[in-house]
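For reference, TrEMBL has these:
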- Asn105, His110, Glu115: oxalate binding site (BINDING)
- His108, His110, Glu115, His154: Mn(2+) binding site (BINDING)
- Cys33-Cys48: disulfide bond (DISULFID)
- 60-208: domain 'Cupin type-1' (DOMAIN)
- 1-23: signal peptide (SIGNAL)
Amino acid sequence: MSAFGKLIVIMAMLAISLDKASAGDPDMLQDVCVADLTSGLTVNGYLCKKNFSEIDFSSMAIANPGATNNTFGSAVTGANVMKVPGLNTLGVSMARIDYAPGGINPPHTHPRATEMIFVLEGELDVGFITTSNVLISKHIVKGEVFAFPRGLVHFQQNNGKVPAAVVAGFNSQLPGTQSIATTLFASTPTVPDHVLTKTFQVGTKQIEKIKSRLAPKK
């Protein structure tokens with residue numbers, strides 16, 4: 001193959017890889033592929049079960065408020081493929097997030113999805129941070145929507161005196177969530193103290209204090 005031909009092949013492969021990198025979940029190849037959640041096998045999604053019904057496409061998972069009497073004063077209730085098996089291969093899911101007064105959905109990322117929220121009740125201060133460390137933030141109110149780009153660190157906080165709630169939409173059947181604080185300070189096994197002290201420029205005592213506060217309840 002000539003040098004020019006090799007260049008064309010390389011450019012074509014790069015274009016394909018970039019297209020896949022920017023996409024959401026892979027495109028479906030059949031009408032439906034209802035997830036077989038009982039199977040231990042997964043291939044970038046769940047295996048399709050043979051028999052399904054309307055129940056697999058319906059759920060009351062986000063009908064009621066979640067309990068917000070916790071450390072952060074918020075509750076995220078998912079309506080993803082785990083709750084709605086019919087979402088398998090469809091590339092969409094939802095969640096409901098409830099916030100007590102002063103509650104926060106702390107800084108986190110969704111590695112597999114862009115998120116858009118719609119405010120059901122209350123008001124929120126929301127924002128995301130770009131890879132250039134620029135904060136994009138806004139105070140949003142009932143009826144308003146706000147979008148968080150895929151993979152970027154973002155947060156929502158209810159600074160009001162009454163509860164708030166949103167419905168979130170994702171372009172993935174299982175967007176995944178990585179909370180920055182719990183990822184760094186409550187992983188199993190734990191991130192070494194020397195990594196965290198160097199990263200945050202604080203002492204070991206401060207790191208151990210944060211770890212103890214974020215440790216899972218026994």
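Quick reminder: no glycine exception, Cβ is built from N, Cα and C everywhere.
Curation does not apply to TrEMBL; its annotations are automatic.
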Consider the recorded positions Cys33, Cys48, His154 and say which one has the Cα lying nearest the Cα of His110 (oxalate binding site).
His154
Give me the Cα-Cα distance between Glu115 (oxalate binding site) and Cys48 (disulfide bond), rounded to a whole Å.
26
Do you know the DSSP helix, strand and coil residue counts for the domain 'Cupin type-1' (60-208)?
22 helix, 55 strand, 72 coil
Local Cβ density at Asn105 (oxalate binding site) - other Cβ atoms counted within 10 Å:
25
Other residues with Cβ within 8 Å of the Cβ centroid of Asn105, His110, Glu115 at the oxalate site?
Ala95, His108, Thr109, Ile117, Phe148, His154, Ala168, Phe170, Pro175, Thr177
Same-chain residues six or more away whose CB lies under 8 A from the CB of His154 (Mn(2+) binding site)?
Pro107, His108, Thr109, Glu115, Val126, Gly127, Phe128, Ile129, Phe148
By the count of other Cβ atoms within 10 Å, pick out the sparsest of the binding-site residues His108, His110.
His108
Centre the Cβ atoms of His108, His110, Glu115, His154, go out 8 Å, and tell me which other residues of that chain have a Cβ in range of the Mn(2+) site.
Thr109, Ala113, Phe128, Phe148, Leu152, Val153, Pro175, Thr177
From the Cα of Asn105 (oxalate binding site) across to the Cα of Cys48 (disulfide bond), what is the distance in angstrom?
34
Nonlocal neighbours by CB distance (under 8 Å) for Cys33 (disulfide bond), same chain, sequence gap 6 or more:
Gly45, Tyr46, Cys48, Asn88, Thr89
Could you say which of the recorded positions Cys48, Glu115 has its Cβ with the most other Cβ atoms inside 10 Å?
Glu115
Please give the average pLDDT for the domain 'Cupin type-1' (60-208) in this predicted model.
97
